[in-house]
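Novice: Below is one structure. I have some questions about it.
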Amino acid sequence: MDILLLGLNYKTAPVEIREKFTFSDDGTARALHLLSQTKSIAECIILGTCNRTEIYVVCDQANIGRDYTRRFLAEWFGVEKEQFKDHLYIKENEQAIEHLFRVSSGLDSMVMGETQILGQVRDAFLLGQEHQTTGTVFNTLFKQAITFAKRAHTETAIGQNAVSVSYAAVELGKKIFGSFAGKSVLIVGAGKMSELTAKHLHANGSERVMVANRTLERAQLLAEKFKGDSCTMEQLPEALLTADIVISSTGATGYVLGKKELAPIMKQRKHRPLFMVDIAVPRDLNPDLHDLDNVFLYDIDDLEGIVASNVAERSREAERLDVMIQEEIVAFTTWYQTLGVAPLIAALRDKANTIQSEAMRKIENKLPNLSEREMHIIRKTTKGIVNQLLHDPVVRLKEMAATKDGEEVLDIFEKMFALEEILERKEQEAIWANDKNKQTSSSREQVLVSRFPD
């Protein structure tokens, strides 16, 4: 069995391509069911976010799984394979496992170290479990990846340093105020960056929001998002009297506030500290504001300097995580390699039991006068001999299967004990049983569709 991943993300595909491969909530469940009906695919999970669409499958053979999954993507979304082949990445086995650990821990995210993706991976896994498209392999792999991601954020600082300008402003504010609880935010201008910064401040405890804008209607629209108030630029001096934090991004061609305008306001405020963030280019706030006591002014360059420093810090943490991920891969692949042991052991015991049963039949034919008690003793003794003979080979097989040469060991063991025919028969029986289950499931779905048409 092979583990396979096919996907598109923000690194490989522009948004106009990614948006063609977006699963709806209902669509994901139906897609999982359809994909799981494919003969070669034993398990499947679909991970869909605004930045990535990924399909994880456990399949009989990697090349067949690749073809089926590629065709599935094309047919499900009605897109020719040629249109997305250059944007599609395909990873197998250890590469696919490593990719999942990187995705879960936020290492592969647009904003390195973000934690939202962990919840999305968990939701994708739970949906697969709910619709019974996961089995032994993915139940183990995804649980391990989710547990690792939680540990990564606990044991490293991968998500602790701001790597966006808007969040860097929040970090600066915390250094000045300690806490934003009860603080009042004044947003000057209704630009996107102002909104993002205000959103972060609001999430960190700031309670009152006022939006000042040249157009009152736009100010009102933004203020509503934070259940705040709005005012015009003419009312800015009055709004500054009660503000603790000012975020400015108006897009004006000149300064909207300087020392001359703010000095008398600071007197009325009794020089209560004022934290000001100018994220406009060109700048909104005159640098001469630095001359005023208790005015803490930061512009876009200050914030980008913090971001650059934090990006470097996250990169160092990412190197630590890479080492941790390699350890996780070894742990999983060691377990995964032992999965091939169970069918071999079962086949070996099957063969040994057949030989023992045949021997007992011959004894009964040649010695028909043996009592039931005597036959019981012989049967028990021969079974004991079989178990003793199998014990050491089975123990050694389990140990050697967990090494880097595990696959070769399993292959040699299979040939040494001539288990090919038994394994082939058991595999065929499993395929028949699986096909029967899929036919039953498909029939039930058709009945439901006929009863409850769209």
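The backbone N, Cα and C atoms fix where each Cβ goes, and this holds for glycine too.
These numbers come from a predicted model, not from an experiment.
Take a look at what Swiss-Prot says about it:
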ACT_SITE  Cys50  active site, nucleophile
BINDING   Thr49, Cys50, Asn51, Arg52, Ser109, Glu114, Thr115, Gln116, Gln120  substrate binding site
BINDING   Gly189, Ala190, Gly191, Lys192, Met193, Ser194  NADP(+) binding site
REGION    434-454  region 'Disordered'
SITE      His99  site 'Important for activity'
Novice: Would you list, in sequence order, the residues of this chain other than Thr49, Cys50, Asn51, Arg52, Ser109, Glu114, Thr115, Gln116, Gln120 that have their CB within 8 A of the centroid of the site's CB atoms, where the site is the one recorded for substrate?
Specialist: Gly106, Met110, Ile117
Novice: Can you name every residue in this chain, apart from Gly189, Ala190, Gly191, Lys192, Met193, Ser194, with its Cβ inside 8 Å of the center of the Cβ atoms of the recorded NADP(+) site?
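Specialist: For the NADP(+) site, the extra neighbours are Ile187, Glu195, Leu222, Ser249, Thr250, Gly251, Ile279.
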Novice: Counting Cβ atoms within 10 Å across all protein chains shown, which of the recorded positions His99, Lys192 comes out on top?
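Specialist: Going through His99, Lys192 one by one, the largest Cβ count within 10 Å is at His99.
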Novice: C-alpha of Gly189 (NADP(+) binding site) to C-alpha of the residue listed as 'active site, nucleophile': distance in Å?
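Specialist: Gly189 (NADP(+) binding site) and the residue listed as 'active site, nucleophile' have their Cα atoms 28 Å apart.
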Novice: Counting only other Cβ atoms and using a 10 Å cut-off, which of the binding-site residues Asn51, Ser109, Ser194 scores lowest?
Specialist: Asn51
Novice: Quick one: pull the CA-CA distance for Ser109 (substrate binding site) versus Ser194 (NADP(+) binding site), whole Å only.
Specialist: 23
Novice: How many other Cβ atoms sit within 10 Å of the Cβ of Met193 (NADP(+) binding site)?
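Specialist: There are 20 such Cβ atoms around Met193 (NADP(+) binding site).
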Novice: So among the binding-site residues Gly189, Gly191, who's got the most Cβ atoms within 10 Å?
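Specialist: Buried the deepest by this measure is Gly189.
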Novice: Out of Cys50, Ala190, which of the recorded positions has the smallest number of neighbouring Cβ atoms within 10 Å?
Specialist: Cys50
